[in-house]
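Student: So that we are looking at the same thing, I have put the structure below in structure tokens.
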Amino acid sequence: MNNERLRRTMMFVPGNNPAMVKDAGIFGADSIMFDLEDAVSLAEKDSARYLVYEALQTVDYGSSELVVRINGLDTPFYKNDIKAMVKAGIDVIRLPKVETAAMMHELESLITDAEKEFGRPVGTTHMMAAIESALGVVNAVEIANASDRMIGIALSAEDYTTDMKTHRYPDGQELLYARNVILHAARAAGIAAFDTVFTNLNDEEGFYRETQLIHQLGFDGKSLINPRQIEMVNKVYAPTEKEINNAQNVIAAIEEAKQKGSGVISMNGQMVDRPVVLRAQRVMKLANANHLVDSEGNYIEK
């Protein structure tokens, strides 16, 4: 089974809200992203950083991947953000407003210095980039390949649409080019692609429609601003009974080939190639995450 981490949901948590920081792990997001940037006023930057640092030391967030969105490289806060989060053992640092690979190189250099300073193995802090402008989209391939630490790139639509002199529309046409560029850059680099937040919490139909679109395009997941969106995303990403049964047949064919000592995998007389195997493994991982199969991998009737 391939060991790629599921990242269907990346939930924003305001770094200045003690209750939300403390309780973020109970909602079951694949990734929890503590926000030290837009959600935090200038007067609260230091206290929010300390709050998140302390929480990372004391709160059990279960199996969720822990991400922090630090302040941008054009602010006086980012260096202290990086030091505190590396010291706290954060999994991933997300840099906002990334427009060039050089910005990720600067982030990596500061992370490396912090890892050495605090005795953390060099290379264990991962990075991701938020692309929020036309220049960032144009440079997406270079950004995605900026470092071996990169786990993903994300579209941030509010700043992007402002930069493009437009705004968000219900059909999402204004984001179609950026979504496809970011997705292709991520896939070419072998990392994850994350879609932007959907800000209208009262429009569940619109949220479902947008989530179905980004799932169809191939995004790994979506950034979220409300815990109730988690279940909705998981529902869209859940495989069907037919997909699960087909994946089970592929997995069984793999096991049969192993037992025979054969390097060729076949199913119903047809050769099974690597993309089919990878797709089957991902389907089973999603099926398990959604509790759609039993311990043997068989579909559970609902």
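Using the three backbone atoms N, Cα and C, a Cβ is placed for every residue, glycine included.
Grabbed the feature section from Swiss-Prot, which reads as follows:
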BINDING   R69, E132  substrate binding site
BINDING   E132, D159  Mg(2+) binding site
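How buried are these features, and what lies next to them?
Tutor: All chains included, 25 other C-beta atoms sit within 10 angstroms of the C-beta of E132 (substrate binding site).
Counting only residues at least six positions away in the same chain, the Cβ atoms of K97, E132, S133 sit under 8 Å from the Cβ of D159 (Mg(2+) binding site). When secondary structure is read from DSSP and collapsed to three states, D159 (Mg(2+) binding site) falls in the helix class.
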Student: Give the sequence-ordered list of residues that share a chain with R69 (substrate binding site), lie 6 or more positions from it, and have CB atoms under 8 Å from its CB.
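Tutor: Expected: F12, M33, F34, D35, L36, E37, R94, P96, A130.
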